[in-house]
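Structure, as C-alpha cells:
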Amino acid sequence: MLHVLWTFWILVAMTDLSRKGCSAQASLSCDAAGVCDGRSRSFTSIPSGLTAAMKSLDLSNNKITSIGHGDLRGCVNLRALILQSSGINTIEEDAFSSLSKLEYLDLSDNHLSNLSSSWFRPLSSLKYLNLLGNPYRILGETPLFLNLTHLQTLRVGNVATFSGIRRTDFAGLTSLDELEIKALSLQNYEPGSLQSIQSIHHLTFHLSQSDFLLGVFEDTLSSVGYLELRDANLDSFYFSELSTDEMNSPMKKLAFQNADLTDESFNELLKLLRYTPELLEVEFDDCTLNGVGDFQPSESDVVRELGKVETLIIRRLHIPRFYSFYDLSTVYTLLEKVKRITVENSKVFLVPCLFSQHLKSLEFLDLSENLMVEEYLKNAACEGSWPSLQTLILRQNRLKSIERTGKILLTLKNLTALDISRNSFQSMPDSCQWPGKMRFLNLSSTGIQAVKMCIPQTLEVLDVSNNNLISFSLFLPLLRELYISRNKLHTLPDASLFPVLLVMKIRENAISTFSKDQLSSFPKLVSLEAGGNHFICSCELLSFTLEHPALVQVLAGWPDSYLCDSPSRLRGQRVQDARPSVLECHQTLLVSGVCCALVLLILLIGGLCHHFHGLWYLRMMWAWLQAKRKPKKAPCRDICYDAFVSYSEQDSYWVENLMVQQLENSEPPFKLCLHKRDFVPGKWIIDNIIDSIEKSHKTLFVLSENFVRSEWCKYELDFSHFRLFDENNDAGILVLLEPIEKKAIPQRFCKLRKIMNTKTYLEWPLDEGQQEVFWVNLRTAIKS
C-alpha cells in the first residue's frame, strides 16, 4: 500500500512540474508599439509582469480559468484586451479596475455563467464589448452597461441558455453603431426592452421563435436603421396589429438570413412594411421558401407602401418545390418601382416575359450563378421588357454563344453594362450585334482565345481577364479601362489601339519587360497594373525604372508586385532592388575595353620580344625542334670536317688565302668546311648551316666588326650557340681577326660570352714574328 501511495505522489508531482514548466516556457511576444500576442500559448493564468507600456493584449485560445483582482493591475494604458476562448469561468469584481483607458474587450466563448456590472463599471472608455458564447441565462442581476456611455458595438447572448431579455438590460445605452443579440433559446422578451436605446445603426437579432418578432420589430421601429433577422423560423408567423402608431421609422434596410418562410408567412411579413415608409432595401440570404410562390397580398395599401423600396436582394434561396413554382404574377405590381434586383445562386432558369415587362423602373439586374440559357434568356428579354435596364449581370450561367447573347439583348435599348463572365463561350465570331449604348462588357473567364470585331466599338470598359489570349489587336477608340490579366500576352498591346486609355490591368501574363517608349506611347494612362509577370531583369528594364521615376509612378503595385523571373540569380527579387553585373549591363564597353587591352598587350609583348630578342628564341626553338629529330651526337663516320669556318664575306681574303692555306696544307692537313665551297647547292641555307656544324668537329668563328654586322654570320653563330648549349661542349673556337669589344657580341649568346670571359681566345697578331705561334695554337685548338 505504501508503494502505491509513493508512486501516486511521484506521478502527481511530475504532472505539476510539467505544467509549471510549460507555463514557464510560454511567454508573450510584444512589439515596440506595445502590441502583445499571447494566443494559443497554453497559459493557465494571466501572465505576470504586465506593464504600463502595453497597449494591446491578446490571450485568446488559452486555459485561463479565472482573472484575479491584481492580474491586470499594471496595464493602466491598455486599449484592447482579447480573452476569447480562454476557458474563463470566474472574474473577480475589481479585476478590471485599472483599465479605465480600455476601448476594446472581447470575452466571447468562455464559461461565464453570471455577469456582474462591477466588471464594467471602471471601463468608462469602452467602445467595443463582446460577450457572445458564454452560458449565462440573463444579462446580469443589475444593469451591466450603465457606465458605458461611449460604447459603440455590443454583442451579447448565446445559442443554448440565453432565455430572457428585460426592460432594464440595456439601460444606459443611448446610441450604438452595432448591436448583436443571439437569442435562439429566448423564452421571455419584455416589451420595450430595446426602446431605451435611442439609435441603433445595425441590429442583428438571432431569433428562432417568431412569437417575439413583432415585439422586437415594434421596439426598434423608431431607433434601428438596419434590422437583420437571422436563424428565424417564420413558417408560422402571423401579423397582428402593432400597439404603436409610429409611422416615421428610420429603417432603411430589412434583411433575413437563414430564415424559413412559406407563401402565407411571406404575405404576413409584407404587412410589416406599412410601418417602414423609408425602407429602401430588402434582402434574403440563405433562406428557404417552403412554398410554390403563390403570394397573394390582400391589402392594396401594402402595394402603395412598398413604393419606396428600391433594392431587392435574394441570395442562395432554396425552394424544395421549385418544379411547382408559380410565375409570380401575383407580385408583379409589388415590384414595378424597384430599381435594383439581385437573384443570385438560386437556380433561376426562366424569367417570364410578362414579369420582365412589369419591371419598368428596373435599372440593375443581377442573375449570377443561375441556370439561364439563350433560349430562356430570349423569353426574359422579350420586346418591351426591362425598359429602363442599364446593368445586366449574367455571370456563371449556361450561356454558350456570344453572338446569340448579343442579338437577344438588342431589345434592351438602354443597356450600358453587361457582365457575361464565367460562361463557356470558348470562341468569338468575327461580328456581333449589341445594344447601341453599351459602355461596359465583362468577358472574363469565358475561355475565349482571340478578341475579334465582335466586340462593340462603343465600349469604355472591357474585361477579358483569365482567358487564353496571346495578343490583343482590336481598335477601341473610346476605351478608358482595359482588364486583361491572367492571359498569355508577351508584350503590352499597341497604344494606338486605345487613344484615350486611362487604366490597364495586365497582371499575370507572360510579359518580360517594358520600356519608356511603350509607356510614354499611352498619352493618358494613369494606372498600369502589371505585377505578377515573368520579368527579365535586364539592364534596359532596370535602367528604365531608375531613370524615369515619373513613368514608374504609373505602375500600380510598384514595387512589391514586380519580381524578377530571370536571370536565375535574381529570381524572386523585386525589380527595383535587382542589381545585374557589370558584364550584363556594359557588354559593348567591356568588349571595347578587352580589345584595347589585347592590342596594348600585343604591343607590349612585341616590344618585350624586340627588347629581349624574342624572335631569336623562337628561331632557337625551331632549330632545337629540328635538331631533336637527329641524334644529339653524330657517329664518328658522320664527322666530315675538322672545323666549320664562320666568317664574314669581307674577311674572305684572310680566311681563304691565309688560314685555309696554313691549315689544309699542313702536316697532317685539316679539312675545313667553307660555305662558298662546301654548302650543297639547292639546299635550304639554314639546313646547310645546321648540317655543316653538326658534321664538323669544331666551329671556328673569325670575329671582326664585319662578322657582327653580317646577318648570315649571326645565323651561324645562333646555331652554333644552340649546339654549345644543347650538348654542353667546347666545340667553339674564337679567332679575333681584329680587336672587338665583348659587348659587341649580343647578350643572348650567353654561352659564347661565357667562353670569352672564361677561356683564352686566339687573336690574330699584326706582328709577323708572332703569326707562326698563332698558327700553331690554332692547329692545337682544332685537334683538341
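Using the three backbone atoms N, Cα and C, a Cβ is placed for every residue, glycine included.
Taken from Swiss-Prot, the feature repeat 'LRR 4' applies to 126-150. Residues annotated as repeat 'LRR 6' in Swiss-Prot: 176-199. Here Swiss-Prot flags 200-223 as repeat 'LRR 7'. As annotated by Swiss-Prot, repeat 'LRR 9' applies to 251-278. Among the features that Swiss-Prot reports, repeat 'LRR 19' is placed at 501-524. The transmembrane segment annotation in Swiss-Prot covers 589-609 and rests on sequence analysis.
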Remote residues contacting the repeat 'LRR 4' (126-150) - C-beta distance under 8 A, at least 6 residues beyond either end: 84, 102-117, 120, 156-166, 168-174, 180, 182
Same-chain residue ranges lying at least 6 outside the repeat 'LRR 9' (251-278) that approach it to Cβ under 8 Å: 210, 217, 220-221, 224-239, 242, 244, 284-299, 301-302, 305-306, 308-309, 334
Counts by DSSP class (helix H/G/I, strand E/B, coil) across the repeat 'LRR 9' (251-278): 13 helix, 7 strand, 8 coil
